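Only one structure is covered here, and it is reproduced in the block below.
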Amino acid sequence: MSTHLRKLPGLLLCLLLALPAWCLGRLFPIIGAPVFAILLGMLLALFYEHRDKTKEGISFTSKYILQTAVVLLGFGLNLTQVMAVGMQSLPIIISTIATALLVAYGLQKWLRLDVNTATLVGVGSSICGGSAVAATAPVIKAKDDEVAKAISVIFLFNMLAALLFPSLGQLLGLSNEGFAIFAGTAVNDTSSVTATATAWDALHHSNTLDGATIVKLTRTLAILPITLGLSLYRAKKEHDIVTEENFSLRKSFPRFILFFLLASLITTLMTSLGVSADSFHYLKTLSKFFIVMAMAAIGLNTNLVKLIKTGGQAILLGAICWVAITLVSLAMQLSLGIW
C-alpha cells in the first residue's frame, strides 16, 4: 500500500470526528469546536482497537493538517487594518503577553510542570488561545497529551472569561471602548472574545464587538516573533556550542510560520487593491475546520486517564496566568487613561 493510502484511514477518522465537533461548536460557541474534537477523540481512544490502520493518518493530521491550518489563519489578517486600529492597544497587548510568558516561565519549575505544557499554556493564554497553541506546538515539538492539556486549560478560562467579564466590566465602570480593549487583550480565543463582547453589547446596546475583534487580531500577530524566538531558543539549547556549522536560521525557523506571514501579506495587498475581505472567508473557515481535525487527532493520541491525573498543575498555572493578564490589562488601561 502506498504512503498516501496508508494515511487515508486515519485522515477519514479525524474528519468523521471533526464534523460533529464542528456542529457542536456552532451550537455552543462558548466551548468551541476544538474542545469538542479533543473530547470526542479522547473518548474514542479509550476503546478504539484499530490503531495500526489509522496511526499514520492521525499523526499526519496532528502535524501537517495543523500547520496548514495556521497558514490559512493568515488569510484572516489585514495587517493595515490591524495596525491602524490596534496601535492604541499595543502597549497593553505587549504588557499582557510579556506577563503571561514570564509567569509561565517563572512558575514552571515551582509547579513541577513540564516545559512544553507550561510554554503552551503561557503562549495560549497570552496570544490567541488554541490558534497560538496550534502554531507553537510543532515549533517546540510538543507531545499530543501536552497539547491536549494546554487546550483544556485555555478552554476552562475562556469559558470563565465569557461568563464573568461583562459583569466585571460593568462593576468597574468600564467604557465601551475600555471593555473592547479589555476583552481583546484579556480573553484568549477569538470565539470567546466574540462571546464576551456580544454579551456586553446585549447589556449596554453598544457595538464593542468590532473593536474587541481587531484588538484580538493584533494580538495574533505576536505568533510570529514568539514562534521565531522559541525556535531559536530550542535550536540553541539542542547544541552546546552554536557555530555556523551546527546552527542554521533557515532550518530553525518553521516554514509554516513564514507561509502564515505570506498569507497575511497577500490578504493585506488584495484588500488594498479593492478585493473584499469576504473573499477570504472560505479560507478562514477551512483554517478553523483543519484546527478541529487536528484537535481530534490529538485527542485520539491522548490518554484521558493520565490527563485527568496530571492536569492539576496546568490548571493552576492557567489560573495564575489568567488573573495576571486580567490585572495587567486593567492596570494598563487605567495608567493610559482609557478606562
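Using N, Cα and C of the backbone, Cβ positions are placed for all residues, glycine too.
Note that the structure is predicted; figures quoted are calculated from it, not measured.
Swiss-Prot annotations:
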- 25-47: transmembrane segment (TRANSMEM)
- 60-79: transmembrane segment (TRANSMEM)
- 84-106: transmembrane segment (TRANSMEM)
- 118-140: transmembrane segment (TRANSMEM)
- 150-172: transmembrane segment (TRANSMEM)
- 256-275: transmembrane segment (TRANSMEM)
- 290-307: transmembrane segment (TRANSMEM)
- 314-336: transmembrane segment (TRANSMEM)
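Using a Cβ-Cβ cut-off under 8 Å and counting only residues 6 or more beyond its ends in the same chain, the transmembrane segment (25-47) has close neighbours at 14, 17-18, 130, 148, 151-152, 155, 158-159, 162-163, 189, 191-192, 194-195, 288, 291-293, 295-304, 307. Ranked by number of Cβ pairs under 8 Å to the transmembrane segment (60-79), the listed stretches 118-140, 150-172, 256-275, 290-307, 314-336 are led by 256-275.
Within the same chain, residues 30-32, 34-35, 38, 117, 120-121, 124-125, 129-130, 133, 142, 178-179, 182-183, 186-189, 191-192, 195-196, 199-200, 203-204, 295, 298, 307, 311, 314-315, 317-319, 322, 330, 339 sit at least 6 positions outside the transmembrane segment (150-172) and bring their C-beta atoms closer than 8 Å to a C-beta of that stretch. Beyond the ends of the transmembrane segment (290-307), by six or more residues, the same chain brings 10, 13-15, 17-18, 21-22, 25, 33-35, 37-46, 48, 54, 58-59, 61-62, 65-66, 68-69, 72, 130-131, 134, 144-145, 147-149, 151-152 to within a C-beta distance below 8 angstroms of the stretch.
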